[in-house]
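Working notes for the structure below.
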Amino acid sequence: MFVHNEVNLRLEKKQFLRSYGRRRGRNFRENKLVGLERFLASHEKLENLKSEIVLEVGFGFGEHILKKAIDYPDKVFVGAEVYVNGIARLLEQVELHELSNVLIWNDDVRLLLEKLLCKVFHKVYILFPDPWPKRRHHKRRIVDVPFFQLLSRSLHPLAEVVVATDDHDYAQQIYQSALEVFSKVENTEIPKNASRFASKASNRIFGYKMVYDATDA
């Protein structure tokens, strides 16, 4: 059952960005982002799309979202990422494959979710978010109850949310948070080729699939 708690979902941008580390690698060249503007997502653009929309939060270097966009050209894939090297890599591949069904949100995804006024997403992937393993940094973890509550406002009925991590402690937090928001939470298998994080995972991969049932709201 969807549980709506009285929480203040409108947080300042500076609070959001504490969830992220360094935003660009060394020796990054700005010309790698040429052409990004025409692929940028906005809440107005998403609210006016007629196609099925899939969101990936933190796409890294874009392996997963790229493959999905190639395999499902009738769907629109929105990738949210703050790391500019990853954005540049995905942008390069999108142009190489001449894809027209990829949009990029190059900032904290919560800033986008706050602006959305209607149900837009049919599926959401959150694959290997930064676990911030040190206890004093746990508050920087992006996946928690307030995040799921914020996300749920933009989910279509019966939309699926898939989350994966190889950090056992974070997995427990994700699972308990999901139980407070989603009507259905179950284990799901995450393929090793889902991303470079999955392929390099030395620990067990914990995968969860949540189903949002708007009738329980």
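Backbone N, Cα and C define each Cβ position, glycine as well.
As written in Swiss-Prot, here are the features:
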| type | residues | note |
| --- | --- | --- |
| BINDING | E56, E81, D108, D130 | S-adenosyl-L-methionine binding site |
| ACT_SITE | D130 | active site |
| BINDING | K134, D166 | substrate binding site |
Distance, D108 (S-adenosyl-L-methionine binding site) to K134 (substrate binding site) (CA atoms, angstrom): 22
Whole-number Å value of the largest CA-CA distance among E56, E81, D108, D130, listed as S-adenosyl-L-methionine-binding: 14
Fewest Cβ neighbours within 10 Å, where candidates are the binding-site residues D108, D130: D130
Cα separation, D166 (substrate binding site) to E81 (S-adenosyl-L-methionine binding site) (Å, whole number): 20
Helix, strand or coil at E56 (S-adenosyl-L-methionine binding site) [DSSP, three-state]: strand
Least Cβ-crowded entry, counting other Cβ within 10 Å, from the binding-site residues listed as E81, D166: D166
Under 8 Å by Cβ from E56 (S-adenosyl-L-methionine binding site), counting only residues of that chain that are 6 or more apart: H64, I65, K68, F77, V78, G79, A80, V124, Y125, I126, L127
